[in-house]
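Below is the structure I would like to discuss, written out as structure tokens.
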């Protein structure tokens, strides 16, 4: 039976030695002059093993042919494949398992075989770690093949082989393999994604592996492996796809919760590792889609998220949504949340690429109508201050955003319309004017005194150079007849998009002929006919000529 | 119960006088003599027909027997008065029509060839040859009048009167003649003389009727084309109504006239009654009855005139004549008086003022703003992509004022432009001379052509000519423009004639050997040679040339040997002058350049781009609220300021240039540019000798890869920045430091200018607070190790900002943006339809209503068509049956004839046989 099963593998693998194995054999110490001869030799040795027990020593010969003590770049794969067949056959025949009733010499033979088998496994893992990509892939296939044979045929070995035996080594080899991209993608495509038990044990192994502090590069590969499994089983999911037949006494593989628990452990182990700043950002970015669904207890993420939030800058922005989720759903107490959020509104925010994401989230955070007006006013004032230095693409977001705020918190509309009724204050205004009561340095959004201020900034922006932006800014001085602006329509604008909206992609006839300046200026660059004007350059463009020397 | 049908028939016959008591033989004879019998017969026939109609229950279709209640439909009232339909008549009409068309087709089926007589009236027996001729003439002229030829000058609908041929103000009319009419009348009078019965009277009335008919048709012709003139045009309802009114008036008049006429005649008869009595008594009759002509004398003179056709015609003609005189009078208006110099100056000032006002209005975009916000709202209602649409829609503002302005620039602005650049592009006289001499060999016809063309277009060309302020001897240069494509070298090395380049490559070829200083001359000559006045194609050529020039300006600026700016400026002025004539192509050229710039190198502008952006500032009104070129150009500038590189000193120089341009764009409209402030503050922070300790404001900071900080020293002297600093890096460290210092000075000056510009901005304090901080930092970090002039600049700028700041503080008041009138609550009163008709459809959705209407129409049409087809099929079947029967009958007849013949023969033979037999028997 084993023979039958191994047929497709061997037939497939036989091709590889022809391509890659053949040239490598020349360089090998043990190798014969001709590769065909080597192949024939290997096959012959293999045949002999299957014929009789007395040829068991051939295994040792084959192993020595596979010699992996030195630096392995091009291993003899034909040998590895044939050895795999040999061991599969032996395992199927029960030659490796010892029974109580067996004779002493039988036991010795079995022990010897087990020793050889271990040796072979080690060799395979070495190939996995160090060889070239195609050999690595072959080694991986052989490992998994052997693994399934062992799990099937050796009683009591079915869990052990996954948890501590061969598979542990395989996963470690996978992670630490050099140039392992091909290998890892092969692993996730062929084994990790299709087979649920592979996934389960991978999580277990990764959790173990990441429990110790690792280097950032290693962690990156761990991310890639973990994030490859992004389909979280439903609560009533039936597990059907198994690589090895699950034994009766191992029910855990069949439970969704156990799966999730393993995944959660693995992720937690990763998150607890020493992450670099960029890795943290990457993790935060995939947090919502890939990581969080695996967690049965999302509150375990709390530490990670609060830490990230306290870092500041873009990391904080990314941590926001997860944190807010925890506050909302899991009753996390984060007293400084709004203060922190307020502090995130800085000069760079409106120029950063996370702007749209941040505004989307901020709509969420501030959507409650129970927020104190002073806090909301602070946000409004801060945003409008920032808008003074913002690119037009940001201004078009801020203004509708503020509009929605004002609509939700009518108390804040004093910032747009404040009739002075106090006579004393009025006379003071007349004589001295006023300063902005808003305190931009104050970090607590409830104490900035923004509610006493007015949004002069938005009024100033009504004379923005870009007509569309100016038009949008004008909505705050119109009547508030619209219920709310859908913010999604205003996000994600770019300079390029705006220029293209003006200019189009290709030349089209203009709907209306543009007006041309009716007066041809006397001079553009030079001092032409300056004496006619009495030496004083007052014509249009004098500013430019005053500052620049055109020669 | 009504009496029986028979009784009714009898009574109606009696009533109508068909069943009259028998007449005696004598009476009959008398009647026959006087012709009363014939008349009576006709009357009888008519009466009989009426009775038949009345008694045939199927002849007239009556309304449906059951009537609907009034409450359910409004049509019930009209049902009663529904037009009486005569199914029999319609049926027979249809039958007749089919016989005319379908039957003919059927008979013609499977037959090939034949001759169609298309001559008009050839098969109409009741037309006299004269009538036929007249009709043919009418048809011919009709065909001519049809608008099938663009060169047919006589086809204008409205100007029909004007094109009528006249002689001495009198219409020359063919055919329909008063003269003819008159002749006929004479003739008929003669006839009247001949006979003394009532015949002349009848005729006369007939003729009068004809006359009036003709008048009416004439009237129709005058009144905007009768039916015959344009059969294909459907009359409008108004026209139809007018016609109906005219007709009814005319008929009324006619009836009145006839009545009066009758009265007159009766009077006359009455007058002659005693004579009749005398005659009856056997007294000798008077010599002759008076001729009818004398009747006129007894009539009212006006009526006499009316009756008299000639007089009538005269009157009408006189009226026409006067009318025409009036219309011609209107045309000849006095020419404008030549204006005095003061008036001209005043007019010019007025024009400039209006232009400036228009510009200001465009700057405020007043009408625009409301529309935009509305659009904004409406677009956002449909949530998806509303914003994008809004932005798109806004890109073309739509307000009437600017539209009006554009028209005015097309017409009024041009003539005066001559004053502004009169001095610019004057063509040397000798150039013109030599060219006209050189092309003497040109042939006459071309000369004529161009002169004709010129005289035709003279009016509009006059304006164009004035644009450039130079006069072109039209003929000479025209010849040259068309004749020469190859350049003719002169002693100066410059050719006098150049082909007009269609693309930039061609232009480069043309100017390959031209020194750059002479480029303006070349451009000027090309423009002169291809002046639109000289050839109709030149407009297109020049507009393309303008686009080429735009391309060339950018190209020039990017050449390694920097062109003198005087040349660039001159070319730009040329472009500006061309832009006035061909705004479309110049704008397109600018837009395409901007497009390329935005797509390929938005963050690293090249000198060519900078020159183009400068040109935009000069050529287009950058103060406009929206402008198809200025707005995107401004956006490009701001984008560069906001995101462009800040790694080298040349970057900073280019940024400084862009910033100055940005300020210049807003020199009049004073709109705020956030990127400008951000850039300048960031640049100052990066150029200052030391970096600021703390955050100086909410502008985003971008730092160059390697420090570009100034090493302050007293030895450095700031200079005016040069345009080429934007591309050429300074070579020596000394020069670099100088450049840095100059950059700092320029940025500071720019800040000062900006603070002047935006002093009235309501957020002045917020905008310039960081600027103040940055300037102080720069001042401190220089530690007085800079020349005094720089220190002064810092101090004066700071003072200026401070002063504006304190003014802004004084002027600051809490915002009062929402002093709107409270909104009225929307009413929800249902809309009632006055005089509602349940049969009508009141669909508020116009499209759907139209669709429903079309559907019903289609249904009706289809039904009608099906009915017609069915009738056709019936008709065909009937005809075929009849045909077959005819054939059968014929066959039968023939058969019978043959049989009879045979029988006859047989009988004869048998008789002969019998005879023979008997004879033989007898012999025996």
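For all residues, glycine too, the Cβ spot is worked out from N, Cα and C.
Annotations for this protein, taken from TrEMBL, read as follows:
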type: COMPBIAS; residues: B:1-11; note: compositional bias 'Polar residues'
type: REGION; residues: B:1-45; note: region 'Disordered'
type: COMPBIAS; residues: B:32-45; note: compositional bias 'Low complexity'
type: REGION; residues: B:62-420; note: region 'Disordered'
type: COMPBIAS; residues: B:129-149; note: compositional bias 'Basic and acidic residues'
type: COMPBIAS; residues: B:153-163; note: compositional bias 'Acidic residues'
type: COMPBIAS; residues: B:181-196; note: compositional bias 'Acidic residues'
type: COMPBIAS; residues: B:209-230; note: compositional bias 'Acidic residues'
type: COMPBIAS; residues: B:231-260; note: compositional bias 'Basic and acidic residues'
type: COMPBIAS; residues: B:312-367; note: compositional bias 'Basic and acidic residues'
type: COMPBIAS; residues: B:368-397; note: compositional bias 'Acidic residues'
type: REGION; residues: B:436-490; note: region 'Disordered'
type: COMPBIAS; residues: B:443-466; note: compositional bias 'Acidic residues'
type: COMPBIAS; residues: B:480-490; note: compositional bias 'Low complexity'
type: REGION; residues: B:901-924; note: region 'Disordered'
type: COMPBIAS; residues: B:906-917; note: compositional bias 'Basic and acidic residues'
Work out, from DSSP, the number of helix, strand and coil residues along the compositional bias 'Polar residues' (B:1-11).
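Secondary-structure composition of the compositional bias 'Polar residues' (B:1-11): 7 helix, 0 strand, 4 coil.
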What is the three-state DSSP composition of the compositional bias 'Basic and acidic residues' (B:906-917), stated as helix, strand and coil residue counts?
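Counting residues per DSSP class in the compositional bias 'Basic and acidic residues' (B:906-917), I get 12 helix, 0 strand, 0 coil.
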If you run through the compositional bias 'Basic and acidic residues' (B:231-260) with DSSP, how many residues end up as helix, strand and coil?
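Across the compositional bias 'Basic and acidic residues' (B:231-260), DSSP assigns the residues as follows: 24 helix, 0 strand, 6 coil.
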Where DSSP helix means H, G or I and strand means E or B, what are the helix, strand and coil counts for the compositional bias 'Low complexity' (B:32-45)?
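Taking each residue of the compositional bias 'Low complexity' (B:32-45) in turn, the totals are 13 helix, 0 strand, 1 coil.
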In the compositional bias 'Basic and acidic residues' (B:129-149), how many residues does DSSP call helix, how many strand, and how many coil?
17 helix, 0 strand, 4 coil
